[in-house]
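Asks: Got a structure here, written out as structure tokens. Questions coming.
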Amino acid sequence: MIRKAFVMQVNPDAHEEYQRRHNHIWPELEAVLKAHGAHHYAIYLDKERHLLFATVEIESEARWEAVASTEVCQRWWKYMREVMPSNPDNSPLSAELKEVFYLA
């Protein structure tokens with residue numbers, strides 16, 4: 001498995017809405033993530049800085065990257081753009097983090 005971590009932002013007035021939407025994640029999006037080899041996906045919120053920290057284990061970079069082109073992912077990004085900063089293609093603004101330590 002490949003471990004990934006990245007940060008995103010959530011709008012200061014949208015913390016609760018972001019959480020609500022993820023409490024009711026679409027089953028078809030969950031299915032696409034799993035079908036593309038995503039495991040142990042977690043997102044954490046830093047309320048003071050409006051930051052989201054995400055971790056996920058993936059089976060391959062190619063399969064992970066392919067999620068973005070699925071119809072359900074495109075719809076989810078469009079749905080989420082009002083609660084978080086997004087790119088012109090509606091994908092969330094994000095920055096991948098480099099792993100500097102891991103204890104198995």
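Using N, Cα and C of the backbone, Cβ positions are placed for all residues, glycine too.
Computed from a predicted structure; not experimentally measured.
Copied straight from Swiss-Prot:
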type	residues	note
ACT_SITE	His22	active site, proton donor
BINDING	Tyr18, Tyr41, Trp76, Trp77	substrate binding site
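Quick one: where do these features end up spatially?
Replies: Packing around His22 (active site, proton donor) is summarised by its Cβ count: 12 other Cβ atoms lie within 10 angstroms of its Cβ, all protein chains included.
Spatially close to Trp76 (substrate binding site) yet at least six residues away along the chain are Trp26, Leu29, judged by Cβ distances under 8 angstroms.
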Asks: For Trp77 (substrate binding site), which residues of its chain lie six or more apart in sequence with Cβ-Cβ distance below 8 Å?
Replies: Ser86, Asp89, Asn90, Ser91, Pro92
Asks: About how far apart, in whole Å, are the alpha carbons (Cα) of His22 (active site, proton donor) and Tyr41 (substrate binding site)?
Replies: 12
Asks: List, in sequence order, the residues of the same chain other than Tyr18, Tyr41, Trp76, Trp77 whose Cβ lies within 8 Å of the centroid of the Cβ atoms of the recorded substrate site.
Replies: Arg21, His22, Ile25, Leu29, Met80, Pro92
Asks: Counting across all protein chains present, how many other Cβ atoms fall within 10 Å of the Cβ of Tyr41 (substrate binding site)?
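Replies: Step by step: centre on the Cβ of Tyr41 (substrate binding site), count other Cβ atoms within 10 Å, giving 15.
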Asks: Taking the Cβ of Tyr18 (substrate binding site) as centre, how many other Cβ atoms lie within 10 Å?
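Replies: If we count other Cβ atoms within 10 Å of Tyr18 (substrate binding site), we arrive at 19.
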